[in-house]
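**Student:** Copied straight from TrEMBL:
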DOMAIN    32-371  domain 'Orn/DAP/Arg decarboxylase 2 C-terminal'
DOMAIN    36-281  domain 'Orn/DAP/Arg decarboxylase 2 N-terminal'
MOD_RES   61  N6-(pyridoxal phosphate)lysine
BINDING   240, 275, 276, 277, 278, 373  pyridoxal 5'-phosphate binding site
BINDING   278, 315, 319, 345, 373  substrate binding site
ACT_SITE  344  active site, proton donor
Ligand SMILES: *Cc1c(COP(=O)(O)O)cnc(C)c1O
């Protein structure tokens, strides 16, 4: 459920008419709903609360906006970060360091030091080489790195190949059949406190079965480590729960997920950690855009050219992803159209042959479910600048990321004097 609904025939973000947001902030603009973020955070927490000791870490990469992170922090979420930049953001948003988990296959020595200096709660190590390096750095600095070893369970998550992370040919985690021996070796190293395992098999999962199989495999290695005299106090089950991108689509709910986790992890006696991103932020944001013109070629499907483009919302170009597209003031009439942005690439296409609300130049419309992996993937391609972001809270609206203009971007560029 979200708070982007029709009222008297026009779309509102909570209690704010979207047309007013367009007027005030221009388009394209991302709109986040605080109430929706909070609702999703609470539904997720309630689904997992019965599990006992849990730690919730919002996947910052899904939406790193400081205001969004602050909402999550107020909801008691920590952060799952995948770079030094995300770590700095999470801290800037007020997240306690001990609630931060650092994931990623390519943590640099500098990023490891940054995490150690901050005193983050956990590093999710993705290779033995990484563990050895982290141990050396932590030991030299007189610090202890609390760690989980990320395993690759070799399971097909059944999602888009570009967001699948749990197959043996993906770069993530260590092969699960080597995980126990590796864990025992790493546990011997000074500077490391090996405390458990982590697993994350992919994103936008529409079926719980692959997750269940992955968690069962993790449960087996937890037992094996313990039978070898090792200690396991934490298991990080990652994120990955999918969201409906199409109105009416049915996906496993957080409650379904919670029941499955409870069943599989019964008797593990660990703190269970979760790293949800999309399921919290996805439907808490929309991308508001204005139709520049409708281009009609005789006998062909018309092109609705909008002022948002693949640089603002990359998912359709990147993954062929679907975003529902609705007029802000629907008339009831429909049209079949191709929805495209202004960028000079055929890939700058949001939808082909889509049945949509009838639109004309100057009309406003939204791409729905754009709160996760939306603005954060933006680029300035075609010198379009960086898209603006606002948040609504009841009848309040505020800019949470100002539009960055092309001239602001090229102000950082230099023409060397030897070109004069
Ligand atoms: C991306 C990512 C997540 C979040 O995935 P969602 O599908 O957005 O829930 C969680 N953990 C790790 C390690 C990730 O890379």
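Glycine is no exception: its Cβ is also placed from the backbone N, Cα and C atoms.
Describe the structural context of each listed feature in the structure shown, including burial, neighbouring residues and relevant distances.
**Tutor:** The number of other CB atoms found within 10 A of the CB of residue 61 (N6-(pyridoxal phosphate)lysine), across every protein chain shown, is 22.
Long-range Cβ neighbours of residue 276 (pyridoxal 5'-phosphate binding site) (same chain, at least 6 residues apart, Cβ-Cβ under 8 Å): 44, 56, 58, 59, 239, 241.
The secondary structure of residue 315 (substrate binding site), as reduced to three states from DSSP, is helical. Cβ contacts within 10 Å of residue 315 (substrate binding site), excluding its own Cβ and spanning all protein chains shown: 23.
The Cβ of residue 344 (active site, proton donor) has 9 other Cβ atoms within 10 Å, all protein chains considered.
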**Student:** Find, for the listed binding-site residues 319, 373, the residue with the lowest Cβ contact count at a 10 Å cut-off, counting only other Cβ atoms.
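**Tutor:** Comparing Cβ neighbours within 10 Å for the binding-site residues 319, 373, 319 has the fewest.
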**Student:** Which Cβ among the binding-site residues (240, 277) has the fewest C-beta neighbours inside 10 Å?
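**Tutor:** Across 240, 277, these binding-site residues, the one with fewest Cβ atoms within 10 Å is 277.
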**Student:** Let me know the largest Cα to Cα distance in Å among the substrate-binding residues 278, 315, 319, 345, 373, as an integer.
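**Tutor:** That value is 27 Å for the farthest Cα pair.
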**Student:** Could you check which of these recorded positions, 61, 315, 319, 344, 345, sit within 10 Å of residue 373 (pyridoxal 5'-phosphate binding site), going Cα to Cα?
**Tutor:** 61, 315
**Student:** Using a Cβ cut-off of under 6 Å to any atom of ligand 1, determine which of the recorded positions 276, 315, 344, 373 qualify.
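**Tutor:** If the test is a Cβ under 6 Å from any atom of ligand 1, the answer is 276.
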